[in-house]
Amino acid sequence: MGQELSQHELYVEQLKKALKTRGVKVKGNDLLKFFDFVKDTCPWFPQEGTIDIKRWRRVGDCFQDYYNTFGPEKIPVTAFSYWNLIKDLIDKKEADPQVMAAVTQTEKILKVSSQTDLRDNSHNKDMDLISLESDDEEAKAPSEKMTMSNKSPKKYPAMLASQNNNTDKDPDLSEVDWDGLEDEAAKYHNPDWPPFLSRPPPYNRTAATAPAVMAVVNPKEELKEKISQLEEQIKLEELHQSLIIRLQKLKTGNERVTSSGNIESHSRTPKWPGQCLPKGKYLINKNTEEYPPKDIFPVTETMDGQGQAWRHHNGFDFTVIKELKTAVSQYGATAPYTLAIVESIADNWLTPTDWNTLVRAVLSGGDHLIWKSEFFENCRDTAKRNQQAGNGWDFDMLTGSGNYANTDAQMQYDPGLFAQIQAAATNAWRKLPVKGDPGASLTGVKQGPDEPFADFVHRLITTAGRIFGNAEAGVDYVKQLAYENANPACQAAIRPYRKKTDLTGYIRLCSDIGPSYQQGLAMAAAFSGQTVKDLLNNKNKDRGGCFKCGKKGHFAKDCRDHSNKNPESKVPGLCPRCKRGKHWANECKSKTDSQGNPLPPHQGNRDEGPAPGPEASLWGSQLCSSQQQQSISKLNRASPGSAGLDLCSTTHTVLTPEMGPQTLATGVYGPLPPNTFGLILGRGSTTVKGLQIYPGVIDNDYTGEFKIMARAISSIITIPQGERIAQLVLLPLLRTAHKIQHPYRGDKNFGSSDIFWVQPITHQKPSLVLWLDGKAFTGLIDTGADVTIIKQEDWPSHWPTTETLTNLRGIGQSNNPRQSSKYLTWKDKENNSGLIKPFVIPNLPVNLWGRDLLSQMKIMMCSPNDIVTAQMLAQGYSPGKGLGKREDGILQPIPNSGQLDRKGFGNFLATAVDILAPQRYADPITWKSDEPVWVDQWPLTQEKLAAAQQLVQEQLQAGHIIESNSPWNTPIFVIKKKSGKWRLLQDLRAVNATMVLMGALQPGLPSPVAIPQGYFKIVIDLKDCFFTIPLQPVDQKRFAFSLPSTNFKQPMKRYQWKVLPQGMANSPTLCQKYVAAAIEPVRKSWAQMYIIHYMDDILIAGKLGEQVLQCFAQLKQALTTTGLQIAPEKVQLQDPYTYLGFQINGPKITNQKAVIRRDKLQTLNDFQKLLGDINWLRPYLHLTTGDLKPLFDILKGDSNPNSPRSLSEAALASLQKVETAIAEQFVTQIDYTQPLTFLIFNTTLTPTGLFWQNNPVMWVHLPASPKKVLLPYYDAIADLIILGRDNSKKYFGLEPSTIIQPYSKSQIHWLMQNTETWPIACASYAGNIDNHYPPNKLIQFCKLHAVVFPRIISKTPLDNALLVFTDGSSTGIAAYTFEKTTVRFKTSHTSAQLVELQALIAVLSAFPHRALNVYTDSAYLAHSIPLLETVSHIKHISDTAKFFLQCQQLIYNRSIPFYLGHIRAHSGLPGPLSQGNHITDLATKVVATTLTTNLTEAQTAHALHHLNAQSLRLMFKITREQARQIVKQCPTCVTYLPIPHFGVNPKGLVPNMLWQMDVTHYSEFGKLKYVHVSIDTFSGFLVATLQTGEATKHVIAHLLHCFSIIGQPIHIKTDNGPGYTSSNFRAFCSKLHIKHTFGIPYNPQGQGIVERAHLSLKNTLEKIKKGEWYPTQGSPRNILNHALFILNFLNLDAQNKSAADRFWHTSSKKEYAMVKWKDPLDNTWHGPDPVLIWGRGSVCVYSQTHDAARWLPERLVRQVSNVTQSRE
């Protein structure tokens, strides 16, 4: 099939006939063109020789690939439609017999007609009509194929007709030439098929079949004209119409008939034969008066019995809309389930109005706006294609706008147009945003500098939808924000069209704007000499003319001036550079020569200037450079006093932060004046603008061009030509005798660029060969893998692995993979090495090098700029080569830390600038408060002030301090060292109190004995470590200080530390962390090294000396990179090493020779320092605690550090032992290959431990002061075992293999059963515990002390022993009872324990030779006394140690054992033991013979409450003088003056009538320092509360507390504080009916009563806080409550009443003096009335007439003699 042309045409003819049987008429030429396209896209198809459904689907796959590759424009419009028709034909199992019968009958009818006329008119293309069937026959059941009226029409339904057998014999039908008619009719139906679908129909679920074109299509104007010309053939037209109706009836079976009247009334314009479409949305039924159905969607079409088509809206099921709405809400608009519903709905004919109604119903406002924008854009594109196809379907028809805005017009659309509408709508739906949570602020949605405008509009519309709900309501606002919130580039693009287009137009205008557009604008601005802003505003204006002559009107290629300069042009010959063409060498652009070898860049200067190297990249390069050379004499100064010469840029330059440092030409050339050199510095104004100028040095003998190294800091910077950006400072040249490497520099540069163009990643796999323990492995570099993985097939079988508990996850998952049991040494081709533990996984296709290995290799990932890459390629450079002219650049990327062995970046700065590492700081300090701390600077003497000024200047020059305006300040001072030099210190105690202290990172001192024997070592000391570690900038202001001046001659100069200050509490910890972080990379790279770091001392040790040196070199670089400096003079490379106060000489470690100065040992502080140093050395000396005990005893006594101390003879002998031991003793380094033994010696007082390996390794000592008062020796040995095991793991990382101690196995067995410490000490110990010491003289010397084991005190009661009971009382009486005899005696102690201990001593002294069973009711003695037999040292505390020593001597002197048991006192149990204890207890009781006197009680009460003399006199009935003497003898009360008597402030007449209230401060209560005080003026009862402030809420809280104690007052008087004058407090008083008045402002006398109460309260607080009662350790509330208790209940007045008595128990009867008084208002006399209060100059009279009190001057009152009145 298809191999010959005739066969090709024959196949097409047969295919036409086959299609015709299905009612489909196509054009033969179109089918030929279709199979030509099949042949082009499927070359294999003609060779198949046959066709079936499988091969035809393969053709469809080829169409799909072609469509995806070239798009819809390159594929024929009818390709997929024909493919679908043929697919249905091939897939059909059998022909439809009804269709076959109809065809046969039609042929007969057409033959009767005028066949000749038809044939003549067969070439009239405009008369042919076509009917295409699009129903998917394959998907239908046979019953469905027969009846179509019950199915809703598909997306492209065929015309429906009634199935009526009676019409088969229509006499009006005649025969016609069907072949010619079908060919001609097919032409009018190609436009009916939808030519532009979003996806080809065979692969679109919503359009799975080809579109079927209606029998009546949208006619053209030419068709109308030709129909009018063929009026004579009307009979043929009628027959043709009947034919079509008949065929459609057979196919659809629709027999619906409508009267002709209806047809005529609902016809549309233009009208085509055989079709009449209604304008209405529903069919009018004349026979009924039913209401028309609801107008919804979609459009359906039916045919009546007369062959007339009717369209109307069918009622759509609203459950589908609800389902779609639910899917959008729950899953999102673009979820697969939602799209499936939309595609199902799109199978119907939905008009544009229907789509808009549906979308508005189910989508939010923002999403609806997005859909509408996308739908209009799709329709606009489709309309353009329709215009090219000439089918007349314009934008208004597709969108339902303009003349097609109503549903009537949209119902008349052709099926092909409906198909395009459905495609545009579904495509717009698919572009809806994914369900998310956009922001709520619409004005806050702004476009980023590199964000695409479409993404920005999408975010804006989404946010608008959430805010407005209906996006159309805010479309104008969204459009305005889309312009205002766009970035400058997009605003410039939109500005000319801002009012001429909508959001869709905005998106099109900004579609090409992105990062590359921004960079292009910057380049264009530089080319044109404009700023970016000016360029954007003027980009549509004329940009100029010729680049050669500068004139407008022509281009450079047509410039006559340029051509006239060289009238006689020479013809170039063969290029001497590439030898491949005829052109000039300076114009050669070849990258390779004729042999294919790469060519180097151009050498020398050409018209374009020097070859582009590091100093001339295209970004920031010369764009319009001037070629004039200027000397330094041409430079200008800004002013006569300017130190620098101005340097300008000769180019219009654009710099971006991504470009890094760039060189700028200045046009100034050397040399400099004689004996000078130049320093290039930046101007301050350029730094403010964001341009950083790197400083550079210009040599005196440099004759080349001076260039400026500049970098844009954070944004794009445009440097106009001629702008001053730097200055050249000339300095005198100092010539030294250093070695000269080059005789003369000239215009040459030293070295090459440090830049290396990294080769980009290609399709080739990035593999790498590494050696693991000498075996080569090839693997892929995987930056996404955390760990390195080796496939099991490559893993050697003899290399051990272990199963891990981790899971590896990637594309797959590996549970519990195996990992190498040991670290493997990796090595690459450059001999770089490290350690790695890879994982081993089976069935892995390739080995993977993960980040655990790549980080050790220092592999870096670079993202090159595409523009830079293109520029480099254009200049002839290749990746992998240096960019210098000699291509000898360093072949590695520039690291972030800079290169310390090379200076500069580029050429001209090769000897000028160091690219320093990024500044590192110490960790930030956490502060408790941000409130500034200011401590005034104290005065300094003239000598110390001069020293301080000199030291400050030195620190200022060193950069350790800077000038400061900080609000913090702490004083400084200077001290003179032994060498005579001064040292600057700062008192930072106040600052330290405000910071959170960091814990110690190294709680112990590292020991050099843990270094393995035989290791090579290097010792390093860091220079001024604190001063090389910078503080965090935010912390520097807190360490400010002031430098004073004598006689305040000038303001103090203020400075602050930039580095760690000495004296700051966290400086040691920050120093350790900073240095440790610098060393950490070296530790990881050299894991096999033994590296010790303590503060600023570092020790490196290793097996191989070469590795130690390499590690030292890397460590040196790491320290230098972080700013730390190594002191060269303190680097130790050979024995003997001095480290941390020890001398290391081979395996031996000795202490440095020390001479102890005795003349300085005078105070407790001196001896404390000395013994601290000696105790530090004890691990390396075999000095026992007993040897040092005389020295330790000196520390006892007075705790004052300056208290005098002196050396006793025993202490002097101990000091000599220390000196001898320091000089003679040594220890050795540990050998990890030998077992480690821990020896315990039973030395005097406490045992001593020693780690042993044929020589002493480390001595271990217990603390000089035991934790317990009585520590048995065997418990001390157990404590030493615990300490030794801990030290072994702490220093050596292992447990001792053997512990040798002095007890035998039986004794250890006893200790395990009867003590608590021994089982703990030996718990989980897997080694050996022995008592056989190695044969060594040192060990034998240490074994001289005998072992003490209990033998006198029995653990159980003895038989036939004397029964004794002991007891003691706090009365000082001790007693013991034996054999019905009681002995009691008086002691001088009041402690019951000490008294009973003396009773026990008396028992042991009375019966030294008798066996005893002693019972005591003291559990403490019953536990302590049995320990005395084995205690070697008793801790001295008070008098207890003295009695324990006496008791211990009695035990040692006994030869007969005794038993000491405990019995509970007052148990009430029967029996002789309880009875004997009770008798003894009664003997300690004493009957008081004298009562405590009142004076003693008064003294006790005053000591407890500090009562005044009057209260003591009245309460305890003592004399006035005795009470006064008690108060005078009190050291607390004597400092407080007596409180004056109550004054004359108005008082309440009854309780709670008048209160005074105020607030006082007591700072010692901290946050509760605000003490609110209220006092009842009648009784003086005081109520106070602690509050955290003085606001109204605190006042109200205080009053509520007062109400709960003494009730509610009638009247409250306060001052004018804000808490009392507020409206809230006024409302509070008003609601409770409390009268509130204020005193006289700023006059405290108006509040005199409460002010005196403040004084009384504070004095009481001060008194009781110094006492010995519990409130001194209590909370502030306890102390306040105690004071109120004293003032209200204990202090008595002259009537022997307290304030509480006066308040709660007022007198029921009282006599008042009677007076007459004059009213000053009317000068009338009244009375006699009683006097309530008679004050100083004033009298309070109670007017019985007015029932109110009146205050009157004393002069207006006359007393009635001897007249009184009682008041009940």
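In case you wondered, yes, glycine gets a Cβ from its N, Cα and C as well.
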Residue among Asp1021, Asp1035, Asp1166, Asp1173 sharing the Mg(2+) 1 site, where Swiss-Prot lists Asp1096, Asp1097 as binders: Asp1021
Stated Swiss-Prot location of zinc finger, expressed as one of 238-255, 382-399, 544-561, 1354-1371: 544-561
Annotated stretch (zinc finger, per Swiss-Prot) among the listed ranges 65-106, 443-484, 821-862, 1493-1534: 1493-1534
Entry from the recorded positions list Asp782, Asp1367, Asp1615, Glu1651 having the most other CB atoms no farther than 10 A: Asp1367
Neighbouring C-beta atoms (10 Å sphere around the C-beta of Asp1558 (Mg(2+) 3 binding site)): 22
Residue among the binding-site residues Glu1396, Asp1417, Asp1481 whose Cβ has the most other Cβ atoms within 10 Å: Glu1396
Helix, strand and coil counts within the domain 'RNase H type-1' (1358-1489) (DSSP): 52 helix, 33 strand, 47 coil
Segment confidence, the domain 'Peptidase A2' (777-853), expressed as mean pLDDT: 85
Other residues, Cβ within 8 Å of Asp1367, Glu1396, Asp1417, Asp1481 Cβ centroid (Mg(2+) 2 site): Phe1365, Thr1366, Gly1368, Ser1369, Ala1375, Ala1392, Ala1399, Thr1416, Ser1418, Ala1465, Asn1477, Thr1480, Thr1484
Top Cα neighbour of Asp1481 (Mg(2+) 2 binding site) in the set of recorded positions Asp782, Asp1558, Asp1615: Asp1558
Pairwise Cα distance for Asp1558 (Mg(2+) 3 binding site)/Asp1417 (Mg(2+) 2 binding site) [Å, integer]: 57
Between Asp1417 (Mg(2+) 2 binding site) and Asp782 (active site, protease): CA-CA distance (Å): 78
Structural state of Glu1651 (Mg(2+) 3 binding site), classified by DSSP into three states: helix
DSSP-assigned states of the zinc finger (1493-1534) in counts, ordered helix, strand, coil: 32 helix, 0 strand, 10 coil
Residue pair Glu1396 (Mg(2+) 2 binding site), Glu1651 (Mg(2+) 3 binding site) - Cα distance, angstrom, rounded: 55
Between Asp1417 (Mg(2+) 2 binding site) and Glu1651 (Mg(2+) 3 binding site), the C-alpha gap once rounded to whole angstrom: 57
